[in-house]
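Chemist: One structure is given below, represented as structure tokens, and several questions about it will come after.
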Amino acid sequence: MIDGQHLLLFSGSIHYPRSTPQMWPSLISKAKQGGIDVIQTYVFWNLHEPQQGQYDFSGSRDIVRFIREVQAHGLYVCLRIGPFIESEWTYGGLPFWLHDVPGIVFRSDNGPFKFHMQKWVRKVVNMMKSEKLYASQEGPIILSQIENEYQRIESAFNGKGSRYVQWAAGLAVGLQTGVPWIMCSQQDAPDPVINTCNGFECGVKFEGPNSPNKPSLWTENWTSFVQRYGEEPFIRSAADIAFHVALFVAKNGTYVNYYMYHGGTNFGRTAAANVITSYYDQAPLDEYGLIRQPLWGHLKELHAAIKLCKVPLLAGSYETSSLGHLQIAYVFKGKSGKCAAFLVNNDNTSNARVRFQNISFELPSMSISILPDCKNVAFNTAKVSTQYNTRSRTVKYKFDSMERWEEFNEPIPIFSNTLLKANALLDHMSTTKDTSDYLWYTVSFQHESDAEAELSVVSNAHVVHAFVNGAYKGYAHGGKHNFALENPIELKNGTNHITLLSVMVGFPNSGAYLERKTAGIRSVRIQNRYLNNYQWGYQTVFDAPGGNDPLALNLGSMGKGEVWVNGKSIGRYWVSIHTPQQRPSQTWYNIPRSFLKPEENQLVLVEEEYGDPLGITLDSVSITKDAKY
């Protein structure tokens, strides 16, 4: 209820740092055209306070500018403060400096954590209040979220988990924003905080509000799913998404948020462990902000059909009736005589012919027909009339000239010139403190003769590279668990230098006791019993292509590393690791046009493997224009 009016709201997640300020107006406008009423976003604590007490709200971090842009388009905002957000964002959005606070236990009834969490949440709320952005101040923010999917780990903290939930709810309500607070996936959210649902099928699995005076809210309807390196993209059909939205509304749901409506790009080192740089590219608006059909258009038609029913939906009586073994009618009747119905066929193999109010209806398998007047079908979730479109790329620039590239080699460190020495293998995360993906480990020792040996390294980071006396000896990679690099090496008579490069591809972002998680090299063993040159980086310059189409860097010829354009990281790449279908999880990497100058743009790549920069191209991205919007 807003300004005394009951509302049925469709929401879309658009995260401000996963795009650019120049993209925000177009993204929000396309969402509004698609029937979206609310824009939902997290607040990214580690982006805004990377060092304790040092805040940054500039550029793509300008959350106030983003919210004002939403307001300018006449839409509402759901602000998910967290401050733990998960979101496939490194360290779940928590700044790594929290890890070094003495005695801290994240997300528990723990004094140090509650002190810093309260300080940050208060700062965000006070910022919103000072800018008059809450609906109680005639601003666009109608909902705020505290914590995130906590019930999944609550039992790990025993009684301290439930006490923390009570404390977090009390903190939020006590800030007196004048708008409701929510906790997603928290069935026991304390009054007056609203419990909400996340998932693919909340119309099926949601237990409902835990109090009769709370609305039924779906905060994350997953339009796709997070993709990690080595995995295929998850494709969810427009018909399936529409079915579950209609079912949720038929069961008295009044707010549905698409996660994501626009996924965007994990620029820089912001992606969580092994998450690809492209984020939720299968959403209604793709990574570049282009409309993806038929999903965008089918959902637009769904929203329009449901809103034709809003009078009896929001103010009428409610009843259900059986239409068959797997068929059911949800009927809403208003006081003025208006009637709306949702006819559901739950049979996933066969169509069904049913009679409803003495009228015969054909229901396709696994579909819902929406009848705004209880007589005529305005929309069926399985009947996709929107034409498909296709995304294509056109090469605009080839980086195939050896003369245009400059190559750099990273010096391989040895023990005598290291800055930090220890008697044990140090934890990668605690040592780098999220300032770098890379940590060198090196040891020097004496050997009495030339010999062949076996090098065995065990790590629980993501990648390890090995060097012996400055020569590259290969690498290995793994996932969540320990993995091993085992290579033959050659030792010489005298001093030998073993140097290992540990690599993280993002920090973990979920689970209980996140502050206890470690990574890095765990053991090194050398047993007695071909040399390659190692390139580290490349640099070149290029002019920006004309036009307004989005641009992407084709890195299909490269291995693994990170890319910068004019000093701005467009993210990590890992082309050499393949999916089960033997292709890279991601080949093209988004370069926002706002990152570019007309001429002399600097392109820098850090390449860990044996990539060929001469195969790189800069492509424009477009979609077919024959799609029906």
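Cβ coordinates are placed from backbone N, Cα and C, and glycine is handled just like the others.
Below are the features listed in TrEMBL for this protein:
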DOMAIN    1-305  domain 'Glycoside hydrolase 35 catalytic'
DOMAIN    329-384  domain 'Beta-galactosidase beta-sandwich'
DOMAIN    538-601  domain 'Beta-galactosidase galactose-binding'
Chemist: Do you know the DSSP helix, strand and coil residue counts for the domain 'Beta-galactosidase galactose-binding' (538-601)?
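Modeler: Secondary-structure composition of the domain 'Beta-galactosidase galactose-binding' (538-601): 3 helix, 29 strand, 32 coil.
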Chemist: Run through the domain 'Beta-galactosidase beta-sandwich' (329-384) and tell me, per DSSP, how many residues are helix, strand and coil.
Modeler: 0 helix, 29 strand, 27 coil
Chemist: Can you check how the pLDDT averages out over the domain 'Beta-galactosidase galactose-binding' (538-601)?
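Modeler: Here the predicted model's pLDDT, averaged over the domain 'Beta-galactosidase galactose-binding' (538-601), is 97.
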